[in-house]
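Structure record follows, encoded as structure tokens.
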Amino acid sequence: MIINHLRKVKIEKNSFGKFHKSSTGSLWVNLASAAFSAGNGSLLILTGCSSGIGLAVASRLAKDELRRFKVVATMRDLEKRGPLEKVAGDSINKTLEIKQLDACCEASIRECVNSLPDRRVDVLVNNAGVGMIGPLECQNMSDMKELFDTNFFGLVRLVKEVLPDMKRRQSGHVVVMSSVMGIQGLLFNDVYSASKFAVEGFCESLAVQAMKFNIKTTLVEPGPVVSEFERKVYEDATKMDLSGTDEETARIFREIYLPYSKKVFASLGQTSEEVAEVNNSSSDHPRTPPLRHQTNRLYMPMTTLKHADPTGRLPLDTFYKMIFKHDGVFNATLTLLRILQRSTRKT
Ligand SMILES: NC(=O)c1ccc[n+]([C@@H]2O[C@H](COP(=O)([O-])OP(=O)(O)OC[C@H]3O[C@@H](n4cnc5c(N)ncnc54)[C@H](OP(=O)(O)O)[C@@H]3O)[C@@H](O)[C@H]2O)c1
């Protein structure tokens, strides 16, 4: 199935003459379409810009040659502004401004939005998020609630703050960093995946009402992305006390899941810059951005399984067999994908 899908991966040429893997559109394209409807100099507020995807998206949009965005890049701890200042360079205080915002604190969200001229937000990019992996029995309830407080309630707080003004203006775009794990659950990612399912359900429900007010909604669904996120979850996993679970579960986590997961990141992982991919061809700017946007075509065969069988047996059986029965096939497939990923990057 994966091989069949690979045959269908199209390599296309973008407007800069560079080749890139065809995707369902880029995050850039979705944001640019928002700028078209809001006019140039659209105010875009982005959360979680101290590292990874948020940092890459903020600096790329701030450097837009057409200056379509005024980017308000936020982070909860301004002490961490160094890497963004470095990559944003000349854009600082021209097309990019850095502000404090903690997605878990309503007062900090309100203060940030109140500091904007007329409180105007044309595009909200909700990116802040945290991960968590491991056997459920080894995770405590307060850590799980904290994760939901950031990944799900953080989004809810932000939308509550900007939606009324967007409705009044009859324009706006809410872009949310979800994940392929918001479509399909994954072994030992129970709580993280549940938080992204919550995000997906929330956005899908809200999107219909938003449409009535000419507000667009887009869920960006990356597969594995090599960022601080990956480093942090593996660091936590290494320190994790596995005595709370049985020996077999601990063995599966340590000896099967962790090595597999690292291989998946090495084979399929995108960079944050790839997620924030730039494609400046005007013909690629849809006025109606998609509700869902998966950034990694190589991961799509996995998510497609979900839609191929409404009973849910197909993805369950496939994941089970790949992990516990046919690990040789799984490893060979990952090697093939790694080669494909490298060759598309070189061209
Ligand atoms: N990496 C992946 O494999 C992957 C795949 C699919 C989806 N995603 C999603 O992509 C988003 C960005 O992840 P990333 O890969 O770029 O990871 P990252 O490098 O760890 O970035 C996460 C960002 O969120 C911030 N953050 C965490 N809690 C916050 C809070 N309460 N308020 C404000 N900011 C907060 C972090 O700030 P601090 O530096 O202060 O912690 C950091 O700036 C997340 O929503 C994640 O779920 C990631």
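Cβ atoms are placed via backbone N, Cα and C, with glycine included.
Computed from a predicted structure; not experimentally measured.
Per TrEMBL, the features are as follows:
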- Tyr192: active site, proton acceptor (ACT_SITE)
- 48-76, Asp102, Lys196: NADP(+) binding site (BINDING)
- Ser179: substrate binding site (BINDING)
Contacting recorded positions, sequence order - Gly52, Arg76, Tyr192 vs ligand 1, Cβ under 6 Å: Gly52, Arg76
Cβ atoms near Tyr192 (active site, proton acceptor) (within 10 Å, other residues, all chains): 24
Distant-in-sequence Cβ neighbours of Gly48 (NADP(+) binding site), under 8 Å, six or more positions away: Gly54, Thr74, Met75, Arg76, Ala103, Asn127, Ala128, Gly129, Met177
Separation of alpha carbons, the residue listed as 'active site, proton acceptor' and Arg60 (NADP(+) binding site) (Å): 28
Cα-Cα distance linking Val72 (NADP(+) binding site) and Tyr192 (active site, proton acceptor), given in Å to the nearest integer: 27
Residue pair the residue listed as 'substrate binding site', Gly52 (NADP(+) binding site) - Cα distance, angstrom, rounded: 14
DSSP state at Ala56 (NADP(+) binding site), helix/strand/coil: helix
Residues that sit under 8 angstroms from Asp64 (NADP(+) binding site) by C-beta distance, when 6+ apart in the chain: Thr95
